[in-house]
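Colleague: To start, I am sharing the structure in question, which I have written as structure tokens.
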Amino acid sequence: HVDHGKTTLTAAITTVLAKKYGGSARAFDQIDNAPEEKARGITINTSHVEYDTSMRHYAHVDCPGHADYIKNMITGAAQMDGAILVVAATDGPMPQTREHILLGRQVGVPYIVVFLNKCDMVDDEELLELVEMEVRDLLTQYDFPGEKTPIIRGSALKALEGDAVWEEKIVDLANTLDSYIPTPERSIDQPFLLPIEDVFSISGRGTVVTGRVERGVIKVGEEVEIVGIKVTSKTICTGVEMFRKLLDEGRAGENVGVLLRGTKRDDIERGQVLAKPGTITPHIKFESEVYVLSKEEGGRHTPFFKGYRPQFYFRTTDVTGYVELPEGVEMVMPGDNIKMVVTLIHPIAMSDGLRFAIREGGRTV
């Protein structure tokens with residue numbers, strides 16, 4: 001929340017940790033004048049900083065405005081592994097604090113650590129305990145483990161000014177991030193998934209699908225499922241090739257061709273995925289968080305209403321679907337963010353947190 005000290009804290013973290021573990025400090029004004037970014041055509045003000053702790057290297061995002069966080073999280077390719085919620089001890093939780101926690105819940109931030117800022121300005125221990133209790137209650141309301149959530153008491157400004165007592169609290173915060181937020185699973189260790197981009201028949205050998213392996217590893221001889229658009233089917237991978245070379249396996253990040261046993265060219269199409277059996281399911285109806293582009297961002301000039309039928313672009317393909325709006329919402333204006341329920345005309349392989357774009361006549365909405 002504005003003036004609770006998010007940006008000062010970001011500057012303090014980079015400064016204190018650079019002193020202790022190396023790396024570069026970032027001044028407040030370097031972070032505060034967040035450059036405008038164009039992510040998928042959406043204008044977002046955001047500052048990216050990086051820092052090292054004793055155990056890890058962190059990438060950290062600081063956004064000036066609430067709307068910027070929403071846009072950042074909806075469009076961001078990177079999943080947030082955790083968040084630092086900054087609350088000023090002098091004010092306690094404000095309406096924006098609740099919004100930030102709700103936002104974390106909506107976009108699937110798995111872990112929150114609380115930094116209670118400006119504690120140098122509060123002498124009253126009981127007041128600090130009261131603020132902590134209020135924050136814990138709020139977290140619990142939104143299904144975060146309020147009782148277990150670590151709360152670090154500190155002063156970002158004093159730490160930034162080099163006061164050793166408060167610098168130590170920044171180190172405490174860093175240690176807490178290391179211990180409380182689990183190390184995310186690398187994409188190579190996750191179950192195999194390949195969004196299909198193209199399908200070929202190779203006479204005498206069968207059908208080859210091509211695409212970039214999104215996660216995991218596919219080995220020759222393994223069983224795979226073909227999921228989405230049609231009824232889910234199973235087959236065996238009989239070959240993997242990359243740049244015309246035959247390989248034993250295809251790994252996350254690689255563009256490969258996968259040869260499939262006994263699968264006909266017409267059984268399979270772009271927009272389906274190849275996956276490790278049982279790891280992803282097809283769905284027609286889903287709940288989503290959507291940011292609607294403003295006119296300036298190249299979006300619509302007019303609102304849309306329930307029953308709107310655009311195209312929904314998932315991974316490699318467009319599918320038509322229709323929109324249901326929340327109760328009491330009549331229309332959606334360009335620039336809004338909205339929770340909507342969508343029903344597609346074909347099933348698509350989906351899991352929680354999957355990103356998609358809404359398009360109309362070839363342009364993004």
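Using the three backbone atoms N, Cα and C, a Cβ is placed for every residue, glycine included.
Computed from a predicted structure; not experimentally measured.
Straight out of Swiss-Prot:
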BINDING   1-7, 62-66, 117-120  GTP binding site
BINDING   Thr7  Mg(2+) binding site
DOMAIN    1-185  domain 'tr-type G'
Colleague: Among the binding-site residues Thr7, Asn117, whose Cβ has the fewest other Cβ atoms within 10 Å?
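Modeller: Result for the binding-site residues Thr7, Asn117: minimum number of other Cβ atoms within 10 Å at Thr7.
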Colleague: Once the chains shown are all counted, how many other Cβ atoms turn up within 10 Å of the Cβ of Cys63 (GTP binding site)?
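Modeller: 19, counting other Cβ atoms within 10 Å of Cys63 (GTP binding site).
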Colleague: Non-local Cβ contacts of Cys119 (GTP binding site) (under 8 Å, 6 or more apart, same chain)?
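Modeller: Non-local contacts for Cys119 (GTP binding site): Ala89, Leu128, Arg153, Gly154, Ser155.
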Colleague: For Asn117 (GTP binding site), what is the secondary structure by DSSP, using just helix, strand and coil?
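Modeller: In three-state terms, Asn117 (GTP binding site) counts as strand.
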Colleague: Within 10 Å of the Cβ of Gly5 (GTP binding site), how many other Cβ atoms are there?
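Modeller: A 10 Å sphere around the Cβ of Gly5 (GTP binding site) contains 23 other Cβ atoms.
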Colleague: Does Asp3 (GTP binding site) have same-chain partners at least 6 apart in sequence with Cβ under 8 Å from its own Cβ, and which are they?
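Modeller: Same-chain residues close to Asp3 (GTP binding site) (Cβ under 8 Å, separated by 6 or more) are Ala88.
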